[in-house]
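Taken from TrEMBL, the feature compositional bias 'Basic and acidic residues' covers 599-611. If you look up TrEMBL, you'll see 599-619 marked as region 'Disordered'. Feature annotation from TrEMBL assigns transmembrane segment to 46-66, 86-105, 112-131, 165-186, 207-229, 241-260, 354-374, 406-426, 438-459, 479-502, 523-539, 559-578.
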Amino acid sequence: MRGTTERKNFSKDGVDHEAVVVAAPDLSVDWRGRPSNPNKHGGMKAALFVLGLQAFEMMAIAAVGNNLITYVFNEMHFSLSKSANIVTNFIGTVFLLSLLGGFLSDSYLGSFWTMLIFGFVELSGFILLSLQAHLPQLRPPQCNMLTLSTKVDNHCLRANEFQTFIFFMALYLVALGSGCLKPNIISLGADQFVKEDPNQSKKLSTYFNAAYFAFCVGELIALTVLVWVQTRSGMDVGFGVSAAAMAMGLTCLICGTLVYRNKPPRGSIFTPIAQVVVASMTKRNLVCPSNPEMLHGSVNHSSNHIKDTSSSFDNNLLHTDKFRFLDKACIKVVQDGVKESAWRLCTVAQVEQVKIIISVMPIFACTIIFNTILAQLQTFSVQQGSTMDTRLGKSFQIPPASLQSIPYIMLIFLLPLYETVFVPLARKITGKQSGISPLQRVGIGLFTATFSMIAAALVEKKRRTSAQNSHETLSIFWIAPQFLIFGISEMFTAVGLIEFFYKQSLAGMQSFLTAMTYCSYSFGFYLSSLLVSLVNKITSNGSSGWLSENDLNKDRLDLFYWLLSALSLLNFLNYLFWSKWYSYNPSLLTKTPPTYHHNHEYHEGDGEDHSNHHHQSFNSSKRIGVDNIIIL
């Protein structure tokens, strides 16, 4: 399918030129594998079905994950620190498995079929969890872990090996299904809009906000209605409702089958990356040419006729000066007319693809501490709330896990205001379709997260002092501020990061790069488990550590929160450095053609060109920097 053409005027070396711009063809297909029809497929009407799955799946998984520590501690009888680690490891595994889902989607199955298959895997896990919570023989005898009213050697009986096996099998079926679903929910929804079309850039940003709105709705229902059901009717009924919600989400997905724009899989995404690494290592002793146009697969040009010679990728990426050692993979070595293999000679497009992946790694790493803070709100803060006065009125009691609904109640109102008020106002100031760049949005969120832990530390100190000195029980609403502040932080960080990674993705890698967003959650939760273990080990000194008791009145959770606030602030300062260092490959910017001068630079996500800087420059005679556009 041939792309559309239009003529663009640009200036090079002070001379005006006209070039024919051919937009990269739309290679999306319908459910039968036929070329998609813009009048029938894609757009917000198709994305709504995906948003439905997003809301129902989040409702199901959040109802389990956010109250799981209560089930593991009270029903399976693991210690408090062990229970917290089980929860963080489970959630970490969910997000780590998103890499598998992204790989299978981009390489072999496509987003729709990956979501359908693993959606049923997740559903089976919910059903098994419900059965275990319902059948007494699959759980240890009932026992109050706080009062230890039923004692055997001063401890409640823990789940035996068979019961533990059933529990973990069900839990990790949910993890496998949800992990493989998550990146594809985002990418399939975003694929309903033509990323290469500048006119749809605004719609794409709106979709990411809508996706987070659906996420908030699912979380809110899970943390209010479903957690209340779990508390009042039992975890077996609660897990069963999660299974029903997942079934409804799969129904939404299937109902949109006829209107989806699907990106077909393109084979292994790791092969071209591995070829660049192998080729650059093989030719590590060679010297890169001073003229980048001597590299294999570079761009030929004339004053008004610019043509791409690379056929390996849809994206005709401009050469950049970062990581020049990788350019050695593009040096052609002639030996008696023998053609070099793909493992010894790569194109500029391949190399630039690897450069982009390497460049986003520091940004990815800077969000790990942020998600470590999120882990505390889903574990220790829930247990913190269980030690406080949960009464609302004379008869109604608030489930501690429902406190996490506070930020989502707020965000349901803030997100529409962000989209309808803040973005248009910021757009007038910055000229950017999304108001502020994704990296600026992430930075605001990372900075705000520090204050969530400061609030948590101050409240925990007051709660502990009141319980020990005056034997008073504080109201559970004292811990609301830490959830509120983190909710605002997450609105900026989570959406900004997803938008950043998707817009940096290349053809055939949308799901995988989006999965890296969720991988950050995984590492954050794993780091939480590691920090808990390290803090207990370092602070023991022959006595109890900060988090080694099952009683928060004896633990020093407040000091642990102060540690996290310090780490969060240091992480934000680290992020400032890397976000300043980062610069987009100019090919990935959706904008009108710039006026050409020497030493142009495109900085973090602002879509503007800057002169006389040194982070990233490109040859002024190359193709004009329009996102995913080929110039002939």
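For all residues, glycine too, the Cβ spot is worked out from N, Cα and C.
Not measured: the values here are computed from a predicted model.
Taking every recorded stretch in 112-131, 241-260, 438-459 and counting its Cβ pairs under 8 Å to the transmembrane segment (207-229), the highest total belongs to 241-260. Counting Cβ pairs under 8 Å to the transmembrane segment (523-539), the top-ranked stretch among 165-186, 241-260, 354-374 is 354-374. Of the ranges 86-105, 165-186, 354-374, 406-426, 438-459, the one with the most Cβ pairs under 8 Å to the transmembrane segment (479-502) is 438-459. Sequence-distant contacts of the transmembrane segment (354-374) (same chain, six or more residues past either end, CB-CB distance under 8 Å): 273, 276-277, 317, 320, 322-323, 326, 439, 442, 445-446, 449, 452-453, 486, 489-490, 493, 497, 500-501, 504, 506, 513, 516-517, 519-521, 523-525, 527-528, 531, 564, 567-568, 571, 574-575, 578-579, 581-583, 585, 588. Spatially, the transmembrane segment (46-66) is adjacent to the transmembrane segment (241-260); three or more Cβ-Cβ distances between them are under 8 Å for residues at least 6 apart in sequence. Through the fold, the transmembrane segment (86-105) approaches residues 61, 65, 68-69, 72, 78, 111, 114, 118, 171-172, 174-176, 178-184, 187, 265, 269-270, 375, 378-379, 511-516, 518-526, 528-529 of its own chain, all at least 6 residues removed from its boundaries and within a Cβ separation under 8 Å.
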